[in-house]
Amino acid sequence: MVLISVLANLLILQLSYAQKSSELVIGGDECNINEHRFLVALYNSRSRTLFCGGTLINQEWVLTAAHCERKNFRIKLGIHSKKVPNEDEQTRVPKEKFFCLSSKNYTLWDKDIMLIRLDSPVSNSEHIAPLSLPSSPPSVGSVCRIMGWGRISPTKETYPDVPHCANINLLEYEMCRAPYPEFGLPATSRTLCAGILEGGKDTCRGDSGGPLICNGQFQGIASWGDDPCAQPHKPAAYTKVFDHLDWIQSIIAGNTDASCPP
């Protein structure tokens, strides 16, 4: 019964962030149009609603969160304003999707990562360019950049037309573990913890899958957090990109049987 209760609580917290998949960065400002050439938007093919973000890591591959998986979606690149398109915007659909286990087996602290191969390569342009994978792991205390088209109010369904950006801090993992004792999060994890302890700045619904950029390097993928967002002493968790480098690079090289770190 205890296990069932824990699993139920984990599902609730997973859903709370997945449901935030249409929210924007809270406490931020409009991103400079030239600072997010790698940022992609995942759209529902039927409703045309933006539900997640992602990061272009080369001309043919996008990295996002596993919980952003949907049956039918499109990937828009080179987008800034949802209402006023850039001339160099491009749209792709997934050709292949790769998960550490499967889209249904990720956990709050592990394997919330999805690697997408596009149906055709994109070309670099004024508003499109990939972001390199990290060369070293991040350090606690680093200043990190978050961005996305997610909700800009922690409690209201307020969505921006353009992506918002904010700076937050990389924190000790325990700062994400301590606020949620009921979830039994492990003592160590392949996730990063980032936020502002006094609250006010955070990723939120719709920012899932987007990048966490620390000291200029792509270090994390927005995974989960509290709802309402941006609450004091409740930072958010990000899948640690550096720990998955071997898996990512193996898949891109053609070794589709590669396994994620244990």
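For all residues, glycine too, the Cβ spot is worked out from N, Cα and C.
All chains included, 22 other C-beta atoms sit within 10 angstroms of the C-beta of H67 (active site, charge relay system). The active site, charge relay system feature in Swiss-Prot is assigned to H67 (among others); the stated evidence is similarity to another entry.
Same-chain residues at least 6 positions away in sequence with a Cβ under 8 Å from that of D112 (active site, charge relay system) are, in sequence order, A65, A66, H67, Y106, T191, I221, S223, W224, T239. Residues or ranges marked as active site, charge relay system by Swiss-Prot on the basis of similarity to another entry: D112 (among others).
Other Cβ atoms within 10 Å of the Cβ of S208 (active site, charge relay system), summed over all protein chains shown, number 32. Annotated active site, charge relay system per Swiss-Prot: S208 (among others), in sequence order, evidence recorded as similarity to another entry.
Taken from Swiss-Prot, the feature disulfide bond applies to C31-C165 (among others), supported by sequence analysis. Spatially close to C165 (disulfide bond) yet at least six residues away along the chain are V25, G28, D29, E30, C31, N32, E35, H36, R145, I146, M147, judged by Cβ distances under 8 angstroms.
Annotation comment: Swiss-Prot describes C52-C68 (among others) as disulfide bond. A strand conformation is recorded for C52 (disulfide bond) in the three-state DSSP classification.
Sequence annotations record features per position, and here Swiss-Prot assigns disulfide bond to C100-C260 (among others). Neighbour list (C100 (disulfide bond), Cβ cut-off 8 Å, at least 6 residues apart, same chain): A66, Y106, D110, K111, I113, H244, W247, S259, C260.
Look at Swiss-Prot and you will find C144-C214 (among others) tagged as disulfide bond, backed by sequence analysis. Counting only same-chain residues at least 6 apart in sequence, those with a Cβ under 8 Å from the Cβ of C214 (disulfide bond) are P138, S142, V143, C144, R145, L170, A194, G220.
Remark: C193 (disulfide bond) has L170, L171, E172, Y173, E174, M175, C176, R177, P235, A236, A237, Y238 as non-local neighbours, by Cβ distance under 8 Å and separation of at least 6 in sequence. According to Swiss-Prot, the feature disulfide bond maps to C176-C193 (among others).
In the three-state DSSP classification, C204 (disulfide bond) falls within coil. Residues or ranges marked as disulfide bond by Swiss-Prot on the basis of sequence analysis: C204-C229 (among others).
Per-residue pLDDT, averaged across the domain 'Peptidase S1' (25-253), gives 94. Annotation source Swiss-Prot lists domain 'Peptidase S1' at 25-253.
Within the same chain, residues at least six positions away from N105 (N-linked glycosylation site) with a Cβ under 8 Å of its Cβ are F99, K111. Classification of N105 (N-linked glycosylation site) by DSSP places it in coil, neither helical nor stranded. The N-linked glycosylation site annotation in Swiss-Prot covers N105.
The signal peptide annotation in Swiss-Prot covers 1-18 and is backed by similarity to another entry.
In space, S208 is the closest of the recorded positions C52, C68, S208 to C229 (disulfide bond), judged by Cα positions. Note on C52 (disulfide bond): other Cβ atoms within 10 Å of its Cβ, all shown chains, come to 31. Every protein chain considered, the tally of other Cβ atoms within 10 Å of the Cβ of C68 (disulfide bond) stands at 24.
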